[in-house]
Amino acid sequence: MTDFTLASSDALVILIVFGVAWILWGWYLGRNNRTLDDYALAGRNVGFALATATAMATWITSNTTLVAPQLTYQFGVWGMLGYSMAALGLILFAPLAAKIKQLLPNGFTSGDFIYQRYGKAAWMAFIVISLCYALGWLVSLGMAGGLLLSSLSELGYVTGMSAILVICVIYTLLGGLKAVIATDFVQSIVIISGVVFIAWVCIDEVGFSTIHTNLSASQPELLNLLFPAAIMFFFNNVFFGIGEIFHSNVWWSRAFAFAPSVGKRSYLTAGLLWLPIPIVTGFIALAAGSLQLSPPSADMVGPMVAAALLGKIGAVFIFIVVFSALASSMDSLLAATSDLLTQDIVKRVLIPDASPNRLLKVNRLVIVGLGLLTWCVAALKLATLGALLNFTGAFVASTIWPIVYGIYQPKLTGGFAAGAMIAGTVAGLIGYFMIGFYVAAIISCALSLLICQIGIRHSQTFFTWHSLKE
Amino acid sequence: MQSDNLYLTHNVFILLVGMFVSAPALDAAEQPPVYASNDGVKTISWQPDYETFNQLLILNTNGSVQASYPVISGQGWVVSGLSDGRYTLQLTKQNQERVIGTLEVEHYSLKSAVTLFGMGALMFAYLLYTLFTPRSTLPKHD
């Protein structure tokens, strides 16, 4: 136990106040939801400011607030820069968002696109990949809640994990995507102000010179630009970030929800605004050695440094910032994954003639089910956050080329798209276990590209875009 | 005579088996473990008998202190940023010292890292080309 650790009672009070505030707001925002479009896609008319804020806040997650410091602590300068390159996912999704809205004006999910573009085999591979990724991300967010509370307070890991899950499930359940987007707006303001303040205190209290001197003596590889594992990690993270965004229904559902002409501008702006944030959050991890801190788990380094700098009041502050970041991602993921399961599994496969009201009820049940499943897996605490997230990199990076070619290359067929996703995922997982988590995404993406290219060169078919319109 | 020899052989056999079985246990008790790392990162798990010490020192090949961290009850350590070399992990408390392990760091080859980086850069450039090249040859959607 350290001198900045919050007492259990203080931590519980913050949790309750924070949780009740989000839940009441979710209920208030969702009270006028009448149709599935209102609930799942916020009426398909979200404006530029809210659209930009929700895209940015959703992308500021446990990854940014906990994993960016972890990767900086492990890979130094390359870790920090490499992590910020995940912004490329948002930036490059901007032209796709416009295209998606144009091609599928009444679409609901990323699964809709894959099914109609490539057929059933590719759709099945895509759904499995999407669900593995969504569960991995949800579990990492639940774990992050537990780690956050256990590193800053006397409360245990399971309490923290349960709290974040219960709060997010309830307000997503009550408010739907409208509540998710509105809370994201407030959360993004809290997060940005918070991380900038912490970085400023870090520079002020510790200083660049002390940090540099300490790193040079104690952790020299963190300043080494020829650090091999970190060099491997750089483009791996680029493709991991791109894969996450290009395939995930979190981003597709927003592309459908944003008003026409808003998607492209808002994704581009959100990406550019997000770019410096991992550098700011990652930077504070470099001060760990100067503060004589060595975290028991690498993913706890960010909150530990921040709390050591700011003391007990700071621990409360960090708690609110990181909890906002976690909540802003978890609610989005719960909403988007429940849409994917409702539309792609329940409506397409299980109950094709279900009425919109019945689908709305199913959607809510799925949110609760996802919350429970996440709790069960996160309770096992199988890996560090960084390792868990990059495990999903093997899955998502395999979808990049099938999605890009699905939109821009009419010759790729469903069989090769499915083969590219399956083979890419398997190769990425082999790389993950044989070499390390920092090569999974890049290997997966490379093999997927190779198979797509073979498919395009051998293809005799030519897909016509108008057939995608529903 | 034969029975004596058999008795002796039997005893020697038991002694040898006993030594063989107990040897790893003795080694494990006396020799601190040797860890390996390809990225300069190592997680050191907490053990209850570390409680009596107040500092963890990472000693480099010359025996000088590379880094030091406080001992916090119930918490292990993650050390990172170490260059190639052999490091000794040592707990200390005033006049008391205990070596809890040796860490051998040998980073991946720079050649394989740069190859992977180059492959990533090429693939990224091709992705940009695919996303942003105008396609006058493709049919336009209506």
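Here the Cβ of each residue, glycine as well, is placed from N, Cα and C on the backbone.
Residues annotated as transmembrane segment in TrEMBL: A:12-29 (among others). Listed as Cβ neighbours of the transmembrane segment (A:12-29) (distance under 8 Å, sequence separation of 6 or more from its ends, same chain) are residues 6, 149, 155, 163, 166-168, 170-175, 178-179, 182-183, 316, 319-320, 323, 327.
What TrEMBL records for A:41-60 (among others) is transmembrane segment.
What TrEMBL records for A:80-100 (among others) is transmembrane segment.
Non-local neighbours of the transmembrane segment (A:121-149) in the same chain are 11, 15, 61-63, 65-66, 110-111, 114-115, 155-161, 163-165, 244, 247-249, 297, 299-300, 303, 319, 322-323, 326, 329-330, 333-334, 336-337, 340-341, 344-345, 370, 373-375, 377-378, 381, 385, 388-389, 391-392, 395-396, 398-399, 402, 414-415, 417-418, 421-422, 425; each lies 6+ residues outside the stretch with a CB under 8 Å from one of its CB atoms. Annotation comment: TrEMBL describes A:121-149 (among others) as transmembrane segment.
Residues annotated as transmembrane segment in TrEMBL: A:155-174 (among others).
Annotation source TrEMBL lists transmembrane segment at A:181-203 (among others).
Marked as transmembrane segment by TrEMBL: A:223-246 (among others). Same-chain neighbours of the transmembrane segment (A:223-246): 59, 71, 75-79, 81-83, 85-90, 92-93, 96, 133, 137, 212, 215-216, 389-390, 392-393, 395-400, 403-404, 435-436, 438-442, 444-445, counting only residues six or more beyond its ends whose CB sits under 8 Å from a CB of the stretch.
Nonlocal intrachain contacts for the transmembrane segment (A:267-288), taken as residues 6+ away from its ends with a CB within less than 8 angstroms of a stretch CB, comprise 52-53, 55-56, 59-60, 64-65, 68-73, 76, 79-81, 83-84, 86-91, 93-94, 97, 191-192, 195-196, 198-199, 202, 206, 211, 215, 222, 251, 255, 294-295, 301-302, 304-306, 309. The transmembrane segment feature in TrEMBL is assigned to A:267-288 (among others).
For A:300-326 (among others), the entry in TrEMBL reads transmembrane segment. Proximity of distant same-chain residues to the transmembrane segment (A:300-326), defined by a Cβ-Cβ separation under 8 Å and at least 6 residues beyond the stretch ends, is recorded for 2-6, 10-11, 14, 18, 57, 60-62, 64-66, 68-70, 73, 141, 144-145, 147-149, 151-153, 164, 186-187, 190-191, 194-195, 197-198, 201-202, 205-206, 281, 284-285, 287-288, 291, 293.
Look at TrEMBL and you will find A:389-408 (among others) tagged as transmembrane segment. Within the chain carrying the transmembrane segment (A:389-408), a Cβ under 8 angstroms from the stretch's Cβ atoms is held by residues 63, 67, 96, 99-100, 103, 110, 113-114, 117-118, 122, 126, 129, 132-133, 136-137, 140, 236, 239-240, 242-244, 246-248, 383, 417, 420-425, 427-429, 431-432, 437-438, 440-445, 447-449, 452, 456, all 6 or more beyond its ends.
Among residues of the same chain six or more beyond the transmembrane segment (A:438-456), those with a C-beta under 8 A of the stretch's C-beta atoms are 75, 229, 232-233, 235-237, 239-240, 243, 390-391, 393-402, 405, 409, 411-413, 415-417, 419-421, 423-425, 427-432. Among the features that TrEMBL reports, transmembrane segment is placed at A:438-456 (among others).
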Revision key, fill the gap. Long-range Cβ contacts under 8 Å made by the transmembrane segment (A:155-174), restricted to residues 6 or more beyond its ends, are 8, 11-12, 15, 18-19, 22-23, 25-27, 30, 141-149, 180, 183, 323, 326-327, 330-331, 334-335, 364, 367-368, 370-371, 374-375, 378-379, 381
